[in-house]
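The structure appears right after this line, and notes come after that.
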């Protein structure tokens, strides 16, 4: 038998306030429409009215009515104040005492606090915009280096390129999301529910998932390299690709279908819904597995380095790749695990700082570790630079010789 499934209304606390008052207003307007007076009853009292915060039922002339402060205000400050209005021959009188006095709304925050928060978020946006721009430039240059030099074409660097691409997608997704959701200040973000904004959030969630799973692939590849020294690592390449791009695609697909079926409201950018765990759980799983790999690789590396039969070339290769990967695994996962243990509304400022500001420079750090500080890459660049210089000198000498003989 089919059972009715309730809709989950998980929204940001600020939006919950807005949506609550919008619901009250709609209920009041329905009441006004149902109480439309007949022509003979017009002018005999005050009709039902919505004043922006409370619904005032119809009242005969000369009477008064008192209502309590809106219930939603108790979220900020509990108040049992009453507001009174009289029905006069000129209509409803102004609320007495005013809402801000009876309900102590001045405790919600002054205009100075609002301006300070706006300035804080503008500064944060500038910082993470600079961070993502720097990361995108560094990652594109790193991909170009790996693609241009044929000697750098190998499974290890191919995985690095996929990892870099996931960072490029993540940075691009952040810019797209900001453009779609916050470019127009006149748009009510709490009630915004368009296909475009949902697609932007979906792309963002996919890029974040792909980012974490390609970090997991980096860890798995390092572990495979240490375990299977004499195995051709090309046989695992397609498995890595399916894990890095396929698992996030399946996860996001399940999340999209779930939101469409059970929680299709807003722009899907709320993190208080229980269906957010469809995205959150796979990320936590990837981080947990990477942490186990971190411990296992550390153990195996200690054994490999102490092994007298291992050649110096293999030791250098292991050390080079291990230093990069072992640094990235705890760096990328620790703060996410810490924040995952707390509700989404706890530590919002710290969460935003780590995930947006510091997270925006992770792509630059990855390009630095895997490419620019890579001894193999530096040697190849120096070799090609020397070859180019010799070629230029030879061309100049040939031109000079031709001019002299002419």
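Quick reminder: no glycine exception, Cβ is built from N, Cα and C everywhere.
It is 353-373, from the ranges 353-373, 374-394, that TrEMBL records as transmembrane segment. Within the listed segments 104-125, 126-147, TrEMBL records transmembrane segment for the stretch 126-147. Using a cut-off of 8 Å between Cβ atoms, the transmembrane segment (159-176) and the transmembrane segment (353-373) share at least three residue pairs, counting only pairs 6 or more apart in sequence. Between the transmembrane segment (126-147) and the transmembrane segment (277-297), fewer than three CB pairs separated by 6 or more residues in sequence fall under 8 Å, so the two stretches do not touch.
If you average pLDDT over the domain 'G-protein coupled receptors family 2 profile 2' (124-374) in this model, you get 81.
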